[in-house]
């Protein structure tokens with residue numbers, strides 16, 4: 001199976017967690033896009049979705065799924081999204097698609113976070129994938145200096161503006177042995193909107209696409 005076929009398999013497998021009559025939290029990226037396609041087959045059974053990016057909102061609306069503003073929603077049963085890396089503790093690096101802040105907000109509201117990923121995203125130690133940090137534009141250089149002090153090699157993601165109007169620094173060279181401590185340390189830097197470490201709020205269920213089928217890991 002190709003990588004895209006593995007992503008499709010986990011996207012469709014996540015449908016089993018969707019309850020009729022509910023509002024579904026939806027992530028961003030190539031794997032989440034397959035989940036949105038699958039969700040389209042249930043559009044008459046769900047109330048709608050909350051989306052983590054303009055791109056996902058457009059795709060959901062194109063399939064006829066009503067998209068709610070998060071401010072209109074009291075609670076979410078599930079949030080389904082991909083990951084750039086996921087470790088054995090269900091902690092993740094996310095933000096390759098620059099939607100990390102909205103993803104983290106929706107994940108914090110949802111009762112259950114379901115991570116969908118192909119097996120290549122499983123790692124023992126987070127950090128080989130560059131760690132994205134969303135930053136207020138005027139603070140870019142100041143934040144970068146602080147990230148160097150934390151042992152990273154930040155690079156400005158040229159030409160990318162987030163849906164919130166901010167910029168992204170990708171931090172290379174991090175071997176993240178204590179993801180919660182690093183998430184807290186980076187989030188404490190003035191000018192950081194959020195870091196793409198999902199350690200304090202990790203996944204509850206991981207659906208991993210393998211050549212032998214979809215593997216389910218429960219926290």
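Just so it is clear, glycine is given a Cβ too, placed from its N, Cα and C backbone atoms.
DSSP gives residue 81 (substrate binding site) a strand state. As annotated by Swiss-Prot, substrate binding site applies to 28, 29, 30, 31, 81, 82, 83, 84, 94, 95, 96, 97, 121.
Marked as active site, proton acceptor by Swiss-Prot on the basis of sequence analysis: 103. Look at residue 103 (active site, proton acceptor): DSSP puts it in a helix.
Cβ neighbour count for residue 94 (substrate binding site): 28 (other Cβ atoms within 10 Å of its Cβ, all protein chains included).
With respect to their backbone Cα atoms, residue 81 (substrate binding site) and residue 103 (active site, proton acceptor) stand 8 Å from each other. Annotation note: residue 30 (substrate binding site) sits in a helical segment as assigned by DSSP. Among the binding-site residues 28, 30, 94, 96, 121, the ones whose Cα sits within 10 Å of the Cα of residue 103 (active site, proton acceptor) are 28, 94, in sequence order.
Other Cβ atoms within 10 Å of the Cβ of residue 121 (substrate binding site) number 23 in total over all chains.
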